[in-house]
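Feature annotations, courtesy of TrEMBL:
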DOMAIN    61-301  domain 'G-protein coupled receptors family 1 profile'
TRANSMEM  47-70  transmembrane segment
TRANSMEM  82-108  transmembrane segment
TRANSMEM  114-136  transmembrane segment
TRANSMEM  156-179  transmembrane segment
TRANSMEM  199-218  transmembrane segment
TRANSMEM  250-269  transmembrane segment
TRANSMEM  281-303  transmembrane segment
Amino acid sequence: MNEDLKVNVSGLPRDYLDAGAAENVSAAVSSQVPVAEPEPELVVNPWDIVLCTSGTLISCENAIVVLIIFHNPSLRAPMFLLIGSLALADLMAGIGLIINFVFAYLLQSEATKLVTIGLIVASFSASVCSLLAITVDRYLSLYYALTYHSERTVTFTYVMLIMLWGTSICLGLLPVMGWNCLRDESTCSVVRPLTKNNTAILSVSFLFMFALMLQLYIQICKIVMRHAHQIALQHHFLATSHYVTTRKGVSTLAIILGTFAACWMPFTLYSLIADYTYPSIYTYATLLPATYNSIINPVIYAFRNQEIQKALCLICCGCIPSSLSQRARSPSDV
């Protein structure tokens, strides 16, 4: 009887009340269950794509040079060992750029950042040091022309290779061993996680090596001019022929040194004056030309070499063109 006396105070049908209660319960339950938010889309920086593309081109180009020198026992002279060192360093730099792209978007962690930046620093340092070693070797081959092809030169070349690779590996290990800015953002340079002091040391070292290369190439230029003049007198060449030969040698040296400076100088100077607060676009814009140096190096130092051209022709077509077999080396081929 008490049940019959209960009043529906809301004035609504009981069926409507039951449906509303069910909706309230479902709303309360849904509010307690976390809703899975859609994952943000992966946005790739176009500059990173360009750097990765450059790394791929660098790797392909220099891998050819490394394979040619490695598979040809005749290419074991000091000059080819240094060219092989340059190609190997640039090959590692290209691989480092590719790995950096993969780790930056697929496997992000502090360890991968340190390993990647260490590889890039070590490889580019070895590349620049190899360029300096090649310059030293060219100077010695002209200044000590009579004693250059001796065991002492080979030993000196191996010593240079050990020193340049040892120094480069040590520079690459610095970020991994703790000299980085992952714990202190204020000490970061334009290339994170390198510290400002780290990039300053690398930049000053580059400027020192560039000054040394410039001095050596000036001396090489003087020797080339003197040799060209002596050859012209011995063979009774005309003054015009002597001028053309000398100008070609000087132009070659100017292209080599000018290309090196144009590629590396912008980033070197920028990393000295800038820090992590500067817009990243400036870092990309100055770093990209530096990577182009590793693309140009095989063209300047390897593919222009007559012996490497012969080896490449043997691999590609199984023959040596008559233009290469009959070509004589001139003083301008420096």
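Cβ coordinates are placed from backbone N, Cα and C, and glycine is handled just like the others.
TrEMBL entries are annotated by machine, without manual review.
Keep in mind it's a predicted model, so treat the numbers as computed, not measured.
Two recorded stretches are said to be in contact when at least 3 C-beta pairs lie under 8 angstroms, sequence spacing 6 or more; the transmembrane segment (281-303) and the transmembrane segment (47-70) meet this definition.
Sequence-distant residue pairs (6 or more apart) of the transmembrane segment (199-218) and the transmembrane segment (114-136) include at least 3 whose Cβ atoms are under 8 Å, placing the two stretches in contact. Two recorded stretches are said to be in contact when at least 3 C-beta pairs lie under 8 angstroms, sequence spacing 6 or more; the transmembrane segment (156-179) and the transmembrane segment (114-136) meet this definition.
The predicted model assigns the domain 'G-protein coupled receptors family 1 profile' (61-301) a mean pLDDT of 88.
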